[in-house]
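J.: Heads up, here are the entries from TrEMBL:
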type	residues	note
DOMAIN	16-70	domain 'EMI'
DOMAIN	71-206	domain 'FAS1'
DOMAIN	210-341	domain 'FAS1'
DOMAIN	345-468	domain 'FAS1'
DOMAIN	472-602	domain 'FAS1'
SIGNAL	1-21	signal peptide
Amino acid sequence: MREKLTVSFLSFFIYSPNVCAVQKLLGTNRKYYTNCKQWYQRKVCGKSTMISYECCPGYEKVPGEKGCPAALPLSNLYDTLGIVGASTTQLYSDSSNLRPEIEGPGSFTIFAPNNEAWAALPAEMLDSLVSNVNIELLNALRYHMVNRRVLTDELKHGTSLPSMYQNIDLQIHHYPNGIVTVNCARLLKADHHATNGVVHLIDKVIATTTNTIQQIVETNENLETLRAAVAASDLNTLLESDDQFTLLAPTNEAFEKIPQETLNRILGDPEALKDLLNHHILKSAMCAEAIIAGLSMETLEGTMLEVGCTGDELTLNGRPIIAEKDVLAVNGVVHFVNELLIPDSAKTLFELGKESDVSTSIDLFRQAGLSSHLTGNERVTLLAPVNIVFKDGTPPMNQNTKSLLLDHILKEQLSSKYLYHGQKLETLGGKELRVFVYRNNLCIENVCIAAHDRRGRFGTLFTVDKMLTPPVGTVMDVLKADQRFTTLVAAIQSAGLMETLNRPGTFTVFAPTNEAFQAMPQGELNKLMGNAKELATILKYHIGDEILVSGAVGALVRLKSLQGDKIEVTAKNNVVNVNKEPVAETDIMATNGVIYAVNAVLQPPAFRPQERGDEPADPALEIFKQASALSKVNNI
């Protein structure tokens with residue numbers, strides 16, 4: 001019954017005339033008169049809100065009637081101040097002798113601070129106002145006024161209105177979430193009509209501003225290092241322009257937190273310095289009161305910053321590092337930050353990687369004596385395996401490891417979005433690597449890119465899913481050098497496929513191991529080895545006509561074989577299967593393909609072997625002799 005009464009009560013207000021919804025922040029006196037974009041969030045800066053309903057401005061309830069049907073008679077601006085909850089503003093209007101003007105004829109707009117806003121003023125500031133009511137207080141109040149009626153639909157983002165104090169402009173911002181600010185004070189209740197104008201209730205007492213962002217930087221003693229950096233990068237003109245910006249101004253303390261070597265490098269590099277400063281400038285003015293949830297904002301440097309809030313604190317990229325907010329300028333707003341936001345474009349490869357999920361790789365490059373390639377001005381791209389690759393330990397630091405790591409550094413600064421299938425890339429170790437573009441992945445040899453590029457000052461970081469294994473020799477070279485494939489090599493020779501697997505190409509070879517052949521029924525094996533044509537057919541079915549590395553295998557890939565039928569390759573729980581047979585080893589790279597070791601001999605769908613005698617035919621014996629001979633040669 002109680003639930004029904006609650007629903008009926010809400011319906012009574014929601015679907016009734018002249019009723020406004022209000023979100024009240026629990027545990028505070030803060031209220032938000034919501035629009036539809038805020039309605040379903042039910043949270044402001046992570047804190048829950050309670051929805052309530054009240055009569056819209058200028059209306060009141062009537063007993064027995066739905067909603068707020070009765071329109072109130074209009075009063076003059078002075079009386080309206082008392083009606084909307086700005087009694088302190090009303091009191092000061094009286095004591096400063098502003099009352100006759102706002103009671104008389106005319107058309108004005110008053111941005112009226114609520115009572116809490118006056119109470120929040122520093123005592124010394126309030127004392128200076130009330131001790132000189134006829135000048136200081138009167139001027140302050142007239143700065144809150146415009147000499148005509150201005151409703152919220154005219155309060156456009158980035159515009160300004162001349163105040164009634166020396167025509168000094170008021171800065172207006174109307175944000176996509178519905179919040180409107182004047183000089184970064186939020187409109188709490190808007191459009192309260194009066195006979196001689198309109199009142200907008202705001203949450204702060206606003207102060208005059210005539211400084212540009214550049215002038216704020218030049219005059220604040222906490223921004224000395226920033227001031228020097230701005231001068232060195234020739235950004236003075238931008239910060240003096242008429243465009244609207246938000247400067248996230250690093251304090252002297254923020255610069256002091258950076259290692260001196262890093263700071264000197266950036267300050268001495270004009271391009272890195274410009275990127276650093278532009279990363280602290282948002283493309284539009286953003287007052288703190290407009291931020292009620294997280295949002296991404298673009299910087300002049302071109303990257304995005306996550307601007308949000310937690311309780312009463314603003315956050316940047318999830319960190320509460322804003323020391324002072326809403327220092328207003330005529331061309332935007334300044335927030336002081338106590339940590340430096342260094343963009344990737346101003347970092348070395350070493351700095352990009354050392355505090356990321358490739359930190360183990362970065363340490364390996366350091367141990368190998370390759371740090372100079374990661375910290376200098378050499379244009380390179382680093383293939384850095386993610387930390388999980390080394391969960392069982394890192395490789396021993398010997399000459400082979402150093403050579404392999406050198407092949408993880410490409411000679412150009414690349415961007416993955418411009419790589420193309422079949423592209424050849426040269427490493428600092430002198431190897432040539434191939435690019436493979438698949439529907440679900442982008443790979444360089446056996447490694448696939450596992451995260452977005454991070455482009456530094458001179459180098460680009462590609463996070464990859466495993467250690468690179470550069471190709472060494474053709475498919476036949478690799479098979480001959482591996483003791484597991486002696487029977488296969490002999491079979492390839494007998495089937496006349498050696499030339500095919502030695503020539504340039506793009507093969508994927510599912511290579512049966514010696515164990516795979518030994519596991520076949522004797523009669524079936526004898527038949528296979530005794531029929532060169534049938535053997536060639538079977539072997540061709542093990543060879544795909546394009547390169548497929550394991551990182552490109554999704555739920556199911558069907559790869560056309562040289563025999564004509566398709567091979568089904570799947571991956572699940574980091575295990576690759578071919579025709580439902582588990583692969584023993586993946587991604588053995590060759591210059592003309594890739595090899596997968598399998599412990600089974602695959603058969604085409606239409607292939608139906610017939611049993612033969614137990615004794616192998618002469619051709620099969622010859623193949624086994626070849627395999628034995630190869631094994632002996634490899635053991636020498």
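In case you wondered, yes, glycine gets a Cβ from its N, Cα and C as well.
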J.: Note the mean pLDDT of the domain 'FAS1' (345-468), expressed as a whole number.
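T.: Result for the domain 'FAS1' (345-468): average pLDDT 96.
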J.: With helix taken as DSSP H, G or I, strand as E or B and everything else coil, how many residues of the domain 'FAS1' (71-206) land in each class?
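T.: Summed by class, the stretch gives 48 helix, 39 strand, 49 coil.
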J.: Report the DSSP secondary-structure composition of the domain 'EMI' (16-70) as helix, strand and coil residue counts.
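T.: Split by secondary structure, the domain 'EMI' (16-70) comes out as 4 helix, 24 strand, 27 coil.
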J.: Using DSSP, what's the helix, strand and coil tally for the domain 'FAS1' (472-602)?
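T.: Helix, strand, coil within the domain 'FAS1' (472-602): 50 helix, 40 strand, 41 coil.
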